[in-house]
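To start, the structure itself, in structure tokens.
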Amino acid sequence: MKILRKNHPLFKIINHSFIDLPTPSNISSWWNFGSLLGMCLMIQILTGLFLAMHYTSDTTTAFSSVAHICRDVNYGWLIRYLHANGASMFFICLFIHVGRGIYYGSYVLSETWNIGIILFFTTMATAFVGYVLPWGQMSFWGATVITNLLSAIPYIGSMLVEWIWGGFSVDKATLTRFFAFHFILPFIITAFVLVHLLFLHETGSNNPSGLNSNSDKIPFHPYYTIKDLLGILFLLMALMILALFFPDILGDPDNYTPANPLNTPAHIKPEWYFLFAYAILRSIPNKLGGVLALLLSILILMAFPLLNTSKQHGLIFRPITQIIYWILIANLLVLTWIGGQPVEYPFTMIGQIASITYFTIILILMPVSNTIENNIIKL
């Protein structure tokens with residue numbers, strides 16, 4: 001078996017990626033979230049496949065088909081709620097994974113980091129088109145509002161919106177193509193994940209100390225396979241508790257009302273994992289400015305390798321930047337809260353302050369604190 005594992009063309013790839021992979025001996029539980037994201041992706045593809053067998057992407061029957069899945073299909077309610085709450089677990093793991101990357105300076109592995117940001121964008125796109133599919137009130141109006149943002153692009157904006165809609169409003173053509181996108185995008189994500197891992201294994205993993213760990217590496221199996229299995233066990237437990245006891249806690253009650261183009265919901269808002277970006281979008285009065293700020297709120301992550309001037313790897317021995325980092329996390333939580341609030345005083349003002357703070361921390365405060373800490377080391 002050992003010979004086969006090391007010599008067989010297919011098994012050799014798996015062996016070098018998951019069995020004999022040299023891994024730093026001191027990586028903590030924060031490094032578990034990569035494997036948890038892989039698990040989430042598998043859960044989403046499998047549950048999504050079974051849902052697609054019963055779903056119809058037609059405006060007249062989409063809402064009814066989701067109700068049919070929940071009522072008449074064997075364990076359809078479970079598959080549907082695992083898929084809906086699985087998306088929330090996916091984004092929780094994604095945010096922690098990115099947060100860990102920033103804290104421990106993983107962005108210095110720039111190829112892996114940039115592919116990761118492309119993955120982030122693709123996952124957000126998948127979640128957005130997926131939210132439209134049940135064809136409830138929030139699905140319809142969310143699709144209308146977000147796709148309408150493209151009309152802010154000069155000259156080609158309105159033409160682009162109609163091209164995406166497949167008509168003059170969000171209708172049957174839009175739903176059909178969104179279903180097609182939602183089906184294909186997870187497989188594109190899977191391809192990007194392989195590229196992400198390819199680049200990661202070129203350089204090797206980062207570790208909490210931020211020091212070179214070539215002198216102290218251990219094989220991935222059995223040490224980290226067992227550790228990852230424990231993480232997966234906790235993830236599945238959390239997901240099952242969410243899906244079985246609180247299936248609708250993260251959803252919107254408006255989505256249990258069939259889509260009606262003649263009746264606008266009081267507060268149009270996306271799923272909770274988009275609220276921070278939605279708050280940044282709303283905090284700018286100008287439409288084009290808001291769209292640019294929305295894009296930059298994620299694209300700014302690509303600036304981390306460029307803005308990094310620190311002589312140390314990660315924040316573990318850098319107390320000033322540590323404080324700034326935790327302020328950034330708190331600021332993102334404030335933005336998430338504001339994104340779910342109505343557009344009125346004082347929420348608009350808090351949103352504007354939090355949006356300015358978000359960009360200021362990343363573009364100004366972090367590079368400045370890097371320089372200060374470099375000078376302290378010289379002393």
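In case you wondered, yes, glycine gets a Cβ from its N, Cα and C as well.
Marked as transmembrane segment by Swiss-Prot: 33-53 (among others).
Look at Swiss-Prot and you will find 77-98 (among others) tagged as transmembrane segment, backed by similarity to another entry. Cβ atoms under 8 Å from those of the transmembrane segment (77-98) belong to residues 30, 33-34, 36-37, 40-41, 43-44, 47-48, 50-51, 66, 69-71, 116, 120, 123, 127, 130, 235, 238-239, 242-244, 247, 250-251, 271-273, 301 of the same chain, restricted to positions at least 6 beyond its ends.
Counting every protein chain shown, 21 other Cβ atoms lie within 10 Å of the Cβ of HIS83 (heme b b562 binding site). Sequence annotations record features per position, and here Swiss-Prot assigns heme b b562 binding site to HIS83, HIS182.
Swiss-Prot lists HIS97, HIS196 with the feature heme b b566 binding site. For the recorded site, HIS97 (heme b b566 binding site), the DSSP three-state label reads helix. Around HIS97 (heme b b566 binding site), a 10 Å sphere centred on its CB holds 20 further CB atoms from the protein chains shown.
Residues or ranges marked as transmembrane segment in Swiss-Prot: 113-133 (among others).
Residues of the same chain lying 6 or more positions beyond the ends of the transmembrane segment (178-198) and with a Cβ under 8 Å from any Cβ of it are 17, 38, 41, 44-45, 48, 52, 55, 57, 112, 115-116, 118-119, 122-123, 125-126, 129-130, 132-133, 143. Under the heading transmembrane segment, Swiss-Prot lists 178-198 (among others).
Within the same chain, residues at least 6 positions away in sequence whose Cβ sits under 8 Å from that of HIS201 (ubiquinone binding site) are HIS16, SER17, LEU21. Marked as ubiquinone binding site by Swiss-Prot: HIS201.
As annotated by Swiss-Prot, transmembrane segment applies to 226-246 (among others).
Non-local neighbours of the transmembrane segment (288-308) in the same chain are 98, 102, 105, 107-108, 110, 113-114, 117, 120-121, 124, 149-150, 152-154, 276-278, 280-282, 355, 358-359, 362-363, 366-367, 370; each lies 6+ residues outside the stretch with a CB under 8 Å from one of its CB atoms. According to Swiss-Prot, the transmembrane segment annotation covers 288-308 (among others).
According to Swiss-Prot, the feature transmembrane segment maps to 320-340 (among others).
Look at Swiss-Prot and you will find 347-367 (among others) tagged as transmembrane segment.
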Field: Top Cβ-contact partner of the transmembrane segment (33-53) among 113-133, 226-246, 320-340, 347-367 (pairs under 8 Å)
entry: 226-246
- line: Other C-beta atoms within 10 angstroms of the C-beta of HIS182 (heme b b562 binding site) total 22
Message: Are there residues at least six beyond either end of the transmembrane segment (113-133) with Cβ under 8 Å to its Cβ atoms? List them, or say none.
response: 55, 57, 62, 66, 87, 90-91, 94, 97-98, 101, 106-107, 139-140, 142-143, 146, 174-175, 178-179, 181-182, 185-186, 188-189, 192-193, 195-196, 199, 270-271, 273-274, 298-299, 301-302, 304-305
Query: What same-chain residues lie close to the transmembrane segment (347-367): Cβ under 8 Å, and 6 or more beyond its ends?
result: 279-280, 282-284, 293, 296-297, 300, 303-304, 307-309, 321, 324-325, 327-328, 331-332, 334-335, 338-339, 341
- prompt: When you measure from the Cβ of HIS196 (heme b b566 binding site), which residues in the chain that are at least 6 apart have a Cβ under 8 Å away?
  reply: THR112, ILE115, GLY116, LEU119
